């Protein structure tokens, strides 16, 4: 790679754990990273974008043994699926690191030896409780009921083994000083505050080797030990840059990383353990760790047991990669949790991509062909409508760039779509079909001006949306007859008027077709082969729930309590009509695994409600219960049944759910 710029940017995703296929939550993380990487390239940066797979550990070894294959054979099959998914999603990673590669092993052993030689790694005996699915050690005090893992709820086993430990506590004060001097290192701010409190409670030394299995990287000076996850997986961000090779230019150019993008459940490992390791190794610390929120499905955490783990491949095959990418980034504010529902997904694709953007391109190209033989003529802004559109275009580029630099992808897209809406409105304001009649003097010039302004707006829009929808964006320039899209930069669209006279449009197929909105909410679920299910059963894991190994806890992320949401005004809360309702009848909805149909006595009348709690309650157990009911929620169809309102329940991230039961109040009583 030629050293042509001092603007360099290194972005990483977590390396994903190959116990099963990746689901839409992992797709969300990687799409964010890819969008940021693409934007930085358009902004003129020399970008390095890394993703990969974390393939070692006892869980993998046991699963492979159960299937009668080697661990590498087991992981290679699944990792191939990872790579196929990223290709289908149009991910532009520059490298894919596997922890089973020799280049990674070499760096891990070198750094382990370096920390040992410094005195920061020592040998001792560990005796305590261990959760194999999460590959996590627990003290007696932190165990759940009946000696279960407090994260995933599965049984733990007592182990006693020799281990090497890393002196975490030695660097606690240095870490706190670093955070004080670099307050933006952990984002969002709420995550930073959580990490500070965690460290202030005291850091225990960290086990960094195991002897009870051999599927891993050997400790260089004691080969009966394998390097444990923390000193293995986290090093990938450096090992992928080939720091020990004769040509170490990648490492010199890109380290430290500009941002590690991770799920919020693994912020602790990346923002505490990893920086402290680097302090010990006397290596530069990354500039930022950003913990994004979780993605739930129909308001419920994804879980194999619930059958709601969404496989992104069927969505991509049916709706296209741009549709999924756009929905995930436009629907969810980075840092917050997001909710995927299939009807909402299709509605947004139809509204924003097909109607707003797709129709704007279709109408513009069709009118230029019809009125001017397909040729665009550069024209100045004359009317107030023209000037307003041109001014908004330049302002939009500035706002977009500001938001993207701050990783506020949601607001960046809102800014662009506001400009797209303004451009559509410009057509209605200028009425080119009237100008085409030439009833008044100057109409021909006005028509040329309108066509130029529409085409120029689309030229700018295409560059701005490309990081998010990289399949469709180039087609906008193709249909406008503009070349050189691959090399276009943000600088090329800062100023209005870059489209040259004589450009000839090339009408094509609609870039975003419309889709029928499904009535049901069930989304495509991930599946496993019978052999994988059998292996998962033998290891005590639900592999579809545990694909991110750098998160060595449960998929839900250590059972942490979700942060309090933003405040709402009292008047907004007062709009909710919450009442006590009595269940008169309850039955399962045909052809649905999770829906129950209720008839409720709400005091003033009877209401039909559909609720997705079939996996938690049998219909007969609900009859006679008095529940809390949201009465003024807009009706919605589920599996063809009109549902009026919602039954309220509480759930945690260990798949536990309870419906509140009111004992003494009569149906219709207000809940305040």
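In case you wondered, yes, glycine gets a Cβ from its N, Cα and C as well.
Residues or ranges marked as Zn(2+) binding site by TrEMBL: 131, 149, 152. Sequence annotations record features per position, and here TrEMBL assigns domain 'TRNA-binding' to 572-672. If you look up TrEMBL, you'll see 523-562 marked as region 'Disordered'. Under the heading motif ''HIGH' region', TrEMBL lists 16-26. Marked as motif ''KMSKS' region' by TrEMBL: 301-305.
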Assigned element (helix, strand, coil) containing residue 131 (Zn(2+) binding site), judged by DSSP: strand
Secondary structure composition of the motif ''HIGH' region' (16-26) [DSSP: H/G/I, E/B, coil]: 3 helix, 1 strand, 7 coil
Other CB atoms within 10 A, centred on residue 152 (Zn(2+) binding site): 26
Helix, strand and coil counts within the domain 'TRNA-binding' (572-672) (DSSP): 7 helix, 43 strand, 51 coil
Number of other Cβ atoms within 10 Å of the Cβ of residue 149 (Zn(2+) binding site) across all protein chains: 24
